[in-house]
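Asker: Dumping what TrEMBL says about this protein:
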BINDING   Asp5, Ser34  Mg(2+) binding site
BINDING   Tyr153, Leu154, Glu155, Ser156, Gly157, Ser158, Gly159, Gly184, Gly185, Gly206, Thr207  sn-glycerol 1-phosphate binding site
Amino acid sequence: MTLIDPASQNVEKAVSIAQKADKAGTDFFMIGGSTKVYPALIDKTIEEIKKVTDKKIIIFPGSSESISKKADAIYYMMLMNSQSNEFLIGHQVRSSIILKKLGIETISMGYLIFDPGMTVGRVGNAMLIKRDDEMTALSYALAAEMFGFKLLYLESGSGSPTHVSENVISRIKREVKIPLIVGGGIRDYESAHDVLSAGADIIVTGTVIEKSVDVYQTLKEIINAF
Ligand code: 1GP
């Protein structure tokens with residue numbers, strides 16, 4: 001999946017990235033980020049991206065304001081290791097009525113933030129899990145399964161120098177049935193290959209394509225790891 005944060009570039013650049021990512025073979029687009037993004041900008045970004053791709057667009061919300069009826073779906077997520085009531089249940093409760101009214105598909109997701117956490121770790125007031133701490137990660141992952149979440153996202157934070165370690169991914173994969181998304185710090189074929197071999201079902205890349213001078217080629221190499 002390709003993550004596009006509307007706060008990181010203008011709409012034109014977001015569309016150009018999306019077009020190349022689509023051609024390189026990304027499966028879905030995630031739109032969002034942890035810094036404040038106004039609904040009008042999310043609307044506009046989605047509207048323009050939809051003109052260049054048929055791939056589904058899922059909102060990756062930073063708050064209860066990150067909603068757009070133009071998206072195909074939205075993650076209805078719990079930042080499970082947050083120490084803030086807001087990220088555990090506050091934003092979710094504030095957005096439930098409007099989501100119901102809009103009729104947008106909600107995909108329940110447990111969201112776990114690992115070291116170093118980067119901006120989302122700080123903003124989300126996360127009690128960071130060490131990137132190789134199998135038992136803590138497994139405890140959260142099993143809790144996510146018991147809550148009935150449809151997806152589990154193992155996040156190191158956008159722009160992280162490293163991804164969640166392979167032992168954590170493979171341990172969770174062995175013991176938990178929920179599809180696993182891994183993101184943060186994946187920027188080349190090797191890191192994608194390591195994460196996928198460990199058991200990730202889906203990988204997310206954001207920073208590497210924002211910074212790349214050749215989005216198509218960079219993403220093509222990462223996708224070749226599948
Ligand atoms: C962030 O996991 C995503 O939520 C993507 O991280 O920007 O490091 O690719 P990167």
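Each residue, glycine too, has its Cβ placed from N, Cα and C.
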Asker: Report the same-chain neighbours of Tyr153 (sn-glycerol 1-phosphate binding site): residues 6+ apart in sequence with Cβ closer than 8 Å to its Cβ, ordered by sequence.
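Answerer: Once residues fewer than 6 apart are set aside, Tyr153 (sn-glycerol 1-phosphate binding site) is near Tyr75, Met77, Met109, Gly110, Tyr111, Leu112, Ile181, Val182, Gly183, Val204.
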Asker: Count, for each of the binding-site residues Asp5, Glu155, the other C-beta atoms lying within 10 angstroms of its own C-beta, and report the residue with the smallest count.
Answerer: Asp5
Asker: Have a look around Gly185 (sn-glycerol 1-phosphate binding site) and count the other CB atoms within 10 A of its CB, chains all included.
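Answerer: Gly185 (sn-glycerol 1-phosphate binding site) is surrounded by 24 other Cβ atoms within 10 Å.
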Asker: For Glu155 (sn-glycerol 1-phosphate binding site) and Ser34 (Mg(2+) binding site), determine the Cα separation and express it in whole Å.
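Answerer: Glu155 (sn-glycerol 1-phosphate binding site) to Ser34 (Mg(2+) binding site), Cα-Cα distance: 12 Å.
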Asker: Note down the number of other Cβ atoms within 10 Å of the Cβ of Gly159 (sn-glycerol 1-phosphate binding site), including every protein chain shown.
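Answerer: Around Gly159 (sn-glycerol 1-phosphate binding site), other Cβ atoms within 10 Å: 17.
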Asker: The record lists Tyr153, Leu154, Glu155, Ser156, Gly157, Ser158, Gly159, Gly184, Gly185, Gly206, Thr207 as binding sn-glycerol 1-phosphate. What's the largest Cα to Cα distance among them, in Å, rounded to a whole number?
Answerer: 17
Asker: Return the residues near Thr207 (sn-glycerol 1-phosphate binding site), defined as same-chain residues 6+ apart in sequence whose C-beta is under 8 angstroms from its C-beta, sorted by sequence, else 'none'.
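Answerer: In sequence order, the residues whose Cβ lies under 8 Å from that of Thr207 (sn-glycerol 1-phosphate binding site) (at least 6 apart) are Ser158, Gly159, Arg187.
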Asker: Near ligand 1, meaning Cβ under 6 Å from any of its atoms: which of the binding-site residues Asp5, Ser34, Tyr153, Gly159 fit that description?
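Answerer: The binding-site residues passing the 6 Å Cβ test are Gly159.
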Asker: Enter the number of other CB atoms within 10 angstroms of the CB of Gly157 (sn-glycerol 1-phosphate binding site).
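Answerer: Its Cβ has 26 other Cβ atoms within 10 Å.
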Asker: Enter the number of other CB atoms within 10 angstroms of the CB of Ser34 (Mg(2+) binding site).
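Answerer: Within a 10 Å radius of the Cβ of Ser34 (Mg(2+) binding site) lie 21 other Cβ atoms.
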Asker: Between the Cα atoms of Ser34 (Mg(2+) binding site) and Gly157 (sn-glycerol 1-phosphate binding site), what distance do you get, rounded to the nearest Å?
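Answerer: Ser34 (Mg(2+) binding site) and Gly157 (sn-glycerol 1-phosphate binding site) have their Cα atoms 10 Å apart.
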